[in-house]
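S.K.: As annotated in TrEMBL:
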TRANSMEM  18-35  transmembrane segment
TRANSMEM  56-74  transmembrane segment
TRANSMEM  80-112  transmembrane segment
TRANSMEM  119-139  transmembrane segment
TRANSMEM  151-170  transmembrane segment
DOMAIN    198-244  domain 'PAS'
DOMAIN    266-320  domain 'PAC'
DOMAIN    333-537  domain 'Histidine kinase'
Amino acid sequence: MKWFDHKNYGYKKLINEIYAFCTVIFVVAVIYKFWSSLDNFPNIPITSLIKKDIPIIIFMISVLFGFILVMKYSNVSAGIFILSMFIFIFVFGFQDVHFKTLLVIPVILVAFTKNKTAGCLIAIGCSFSLFLTDIFFYKYSYPNIILESDIIFTGVMLISAWLTGNLAGIERQHRQLLRKSLSSLKKEIKARKKANEKMYQLTRAVELSPSIIIITDFKGNIEYTNQKFKKVTGFSSDEVLNKSIDKLIINLDQEQHVWDAVSSGEEWSGELCSKKKNGELFWERVSVLPLRNNENIITHFLKVSEDITEHKQMEREIARLDKLNLVGEMAAGIGHEIRNPLTTVRGFLQFLATKEECAKYKSYYSLMIEELDRANSIITEYLSLAKDKPLKFNMTNLNSIITTLFPLIQADALKKNSSVNLEMKDVPDLLLDENEIRQLILNLVRNALEAMPLSGNLTIKTFSDVDNVVLEIQDEGKGIPLDIMEKIGTPFFTTKDDGTGLGLAVCYSIAARHDAKINVKTGSSGTTFSVRFLPNQNKNKNKNYL
C-alpha cells in the first residue's frame with residue numbers, strides 16, 4: 001500500500017485512513033450504546049422528548065458548527081470524524097473528562113496535515129461547541145467551574161495545535177529540502193551516469209581501436225596501452241606500465257627529436273622503427289600529441305600509430321625489383337659479351353703456361369687463370385639476374401629438393417662447427433625450376449651460417465600456411481641492423497670483405513621468377529628468411545620458358 005503522497009508531504013492517505021478507522025469505531029460504539037438503551041425509552045410523545053432533552057438539540061447545533069469548521073479547513077474525512085466523535089462523547093457521557101480529551105485528536109491531525117493556524121481554529125471551534133453543550137447539559141448549575149474547565153481544555157488544545165503545527169511545519173520544510181536535495185541528487189546521478197556511459201564508450205573505442213595507442217606522462221613513462229599494442233608488440237600492459245617508452249624505440253636520436261617537439265607543445269608525425277617483445281623490428285607511422293590539463297599545462301603525451309611494416313617491405317620490394325630488373329637487363333645485354341673474351345684470354349693463358357720458355361712464369365699464369373675463373377663465376381651469378389633467363393618448370397616437392405641438398409648443407413655447417421635441424425611437414429608439389437630453387441636454398445643457408453657464431457644452430461622448415469607453401473631458414477645470429485635491413489637484396493650490396501653482393505639479389509630474382517615472396521624477420525635472437533610459394537601458381541610457365 002502506498003501511504004505517502006508528495007503533494008501532502010506523504011501523509012494525506014495515511015491521515016484519511018486514520019479518520020476512517022476511528023469514525024467506524026465511534027459509529028459502531030454509538031450504535032451499540034443506542035441499541036442497548038432502547039428498552040429504557042418509554043413511549044413518550046416527540047414534543048415531550050424535545051422539551052426534556054433540549055441539551056441534545058444544542059449539542060447537535062454545536063456539532064454541526066464544528067463539522068462545518070472542520071470541512072472548511074480540512075476535508076470531508078476529518079468532518080465526518082469530528083461529527084462521529086461528538087456523538088460518541090455525548091452518548092458515553094459528557095461529564096467524563098476522558099472522553100472530552102478525544103477532541104484533541106482532530107485538532108492534532110488537522111494541525112499536522114494543514115498548519116498550526118488551521119489546527120488552532122479547529123481547537124477554538126471544538127472548544128466553543130463543547131462550552132455551549134456543557135452549559136445546557138449542566139443547566140447553568142456550575143457556570144464558573146464549567147467556564148474554567150473549558151478554558152483550560154481550550155488552552156490545552158490550542159497548545160497542542162500550535163506545537164503540532166510548528167513541528168509539522170519544520171518536518172515539512174525538512175521534507176521539502178530533502179525532496180529538493182533528492183531531486184538534485186537524481187539529476188546529478190543521471191548526469192554522471194550519462195557521462196560514465198560516454199566515458200565507457202570512449203574507453204572502449206580507444207581500447208578496440210585498430211591503431212596502436214600509448215599514453216605516457218610528461219617524462220615518457222607509459223601509463224596506458226590498448227589491445228592493438230599488445231597484438232602488434234607482444235607486450236602486455238603490465239609489462240610496460242610505468243616503464244620508459246625508450247624501451248620500444250630503436251633510433252633514440254630520432255626519439256629525442258620527437259620529444260623535443262611535443263614537449264614544446266607541437267604535434268609530431270612521422271615514421272619510427274620500434275621493437276617487439278621477441279626483439280623483432282617493425283615500422284610504424286606515428287602521430288604524437290601533447291595533452292594539457294585545465295590550466296593548459298602539458299601533463300601527458302598521446303602516441304597513435306599504425307604498423308606499416310608490410311607497406312615498408314612492399315616499398316623495398318618494389319625498389320629492389322626495379323633494381324633487379326635494371327641489372328637483369330644489363331646482365332642479359334652484356335654478360336655474354338664479357339664472358340666470351342674472358343674465355344679466349346683463359347685459353348691463351350693455359351696455352352702459354354705449357355711453353356717451356358714461360359715455365360718460370362707458371363705461378364703467375366695459374367694466378368691469372370684463377371682470377372679469370374672467379375670473374376667468370378661472378379658473371380655467371382650476374383647472368384642469374386637476367387629477367388628473361390630460360391627456365392624449366394616441373395612439378396616438384398620442396399622437401400625432396402631439401403633432402404637432396406642436405407648432405408651438402410651439413411658439410412657447410414661442419415666447417416662452421418654448427419648443426420642443422422630439419423623440420424619438414426607434408427607440403428603439396430609445386431611447379432618449380434629445381435636448379436634455381438637449389439641455388440636459392442644454398443644461398444640462404446650459406447648466408448645464415450656466415451651470420452652465426454661458431455657452434456650455432458640452423459633450422460630449415462617447410463609447412464603449409466593457408467594458401468602458401470612456406471620455406472623458412474632461421475639462424476641464431478645477432479640480427480640484422482636497421483640500416484642494412486633496408487638494403488638487403490640490393491645488387492652489389494654486401495657487408496663481407498670478399499662478397500660480390502649478388503647472393504641475396506639472386507635469391508630475390510629467383511623468387512620473383514617463381515611468383516614467390518621473401519620476407520625477413522630479424523631480432524637480437526636471430527634472423528628468419530621466409531619464402532612463400534603459391535601452389536601451382538606457375539602451371540602455365542612451361543609454355544613460356546624452355
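A Cβ is built for glycine as well, from the same backbone N, Cα and C atoms used for every other residue.
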S.K.: For the domain 'PAC' (266-320), jot down how many residues DSSP puts in helix, in strand and in coil.
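M.R.: Breakdown, helix to coil: 12 helix, 30 strand, 13 coil.
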S.K.: What is the average pLDDT across the domain 'PAS' (198-244)?
M.R.: 87
S.K.: By DSSP, what is the split of the domain 'PAS' (198-244) into helix, strand and coil residues?
M.R.: 21 helix, 12 strand, 14 coil
